[in-house]
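S.K.: Here's a structure for you.
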Amino acid sequence: MRFGKVNRFVAQFARQSVANEPPLAASDFKAAPLLQTHLLKHGQGGSGSASSNFFRALALFGAGASGLLSCATIAYSDEAEHGLESPSYPWPHNGILSSYDHASIRRGHQVYQQVCASCHSMSLISYRDLVGVAYTEEETKAMAAEIEVVDGPNDEGEMFTRPGKLSDRFPQPYANEQAARFANGGAYPPDLSLITKARHNGQNYVFALLTGYRDPPAGVSIRDGLHYNPYFPGGAIAMPKMLNDGAVEYEDGTPATEAQMGKDIVTFLSWAAEPEMEERKLMGFKWIFVLSLALLQAGYYRRLRWSVLKSRKLVLDVVN
């Protein structure tokens, strides 16, 4: 809309100038030596030619200005539609041979249990996945036994409840999607099992979203029940700010600041989305090492076989 107005203004100005102003000569362009040189190069074939060249340059300037305005408008609309671009954070497990911070995974699971699990599910994670990663087998069994799971049917054809075990998935906060929407004002809390893979710039986006709540700027109104967050598409999110300093008391005594809890929960969610990452990196390093040895052996074998052929001398007897 903005660059359309600029184009219309330039066209109207050009028409009025052609109709009202007298013809221009090349001497009128002393303030613009580049245009004067251009006119002299192509010949001064009359004042009409000079005037048309001037307005052609003016039209090109208007087109450039409209292009700049269009880029700014597109960037503004993209930010409003997709949210503010998340900063890039130096996650310690992103290196080629880096592994997860398992203490951070344990703290992140604690944050999930005490802050996130009341609304968000993790339907793809079982308790046994935590064994050897953040907890011992005994700790995980005790944790799973704290929940009750509906199982069955029994020999009488009836469903029954039992204590949880290692093979059980994390409990669901709601029975179905309709119950979740009803409890959250129409918003559906997404499952967090693959959230860092399901969102653009996943880890950075989740951290920026959890720590990016602020007051709306002047001129921006947020309706009741929503909260302003520039990193969320549209800027209005139904989830309130959940990470506050001291909201969780860590078992290892780590200060539970907002940034620390955000880092820990993102590390836990990254592990949940890619629990095989460490094994994959280790296997890749092993394959690179083995292939490097094979390459050296192949190079040596090539020199051994071809050295005789490359070093031989051919003599051509043209007499006999």
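Cβ coordinates are placed from backbone N, Cα and C, and glycine is handled just like the others.
In TrEMBL, annotation is done automatically, which means it is predicted and not curated.
Note that the structure is predicted; figures quoted are calculated from it, not measured.
So TrEMBL lists the following for this protein:
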- 103-210: domain 'Cytochrome c' (DOMAIN)
- Cys116, Cys119, His120, Met239: heme c binding site (BINDING)
S.K.: Cβ within 8 Å of the heme c site's Cβ centroid: which residues qualify beyond Cys116, Cys119, His120, Met239?
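M.R.: Those within range, site residues removed, are Val115, Ala117, Ser118, Pro189, Leu192, Met242.
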S.K.: Kindly state the mean pLDDT of the domain 'Cytochrome c' (103-210) in the predicted structure.
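M.R.: A mean pLDDT of 95 is what the predicted model shows over the domain 'Cytochrome c' (103-210).
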S.K.: Within its own chain, what residues at least 6 apart in sequence put their Cβ under 8 Å from the Cβ of His120 (heme c binding site), listed in sequence order?
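M.R.: Listed in sequence order: Tyr112, Pro173, Pro189, Pro190, Asp191, Leu192.
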S.K.: Given the binding-site residues Cys116, Cys119, Met239, which one is most crowded in terms of C-beta atoms within 10 angstroms?
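M.R.: Neighbour-count leader: Cys116.
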S.K.: DSSP helix, strand and coil counts for the domain 'Cytochrome c' (103-210)?
M.R.: 46 helix, 12 strand, 50 coil
S.K.: Would you work out the biggest C-alpha to C-alpha distance among Cys116, Cys119, His120, Met239, the residues that bind heme c according to the record, and give it in angstrom as a whole number?
M.R.: 11
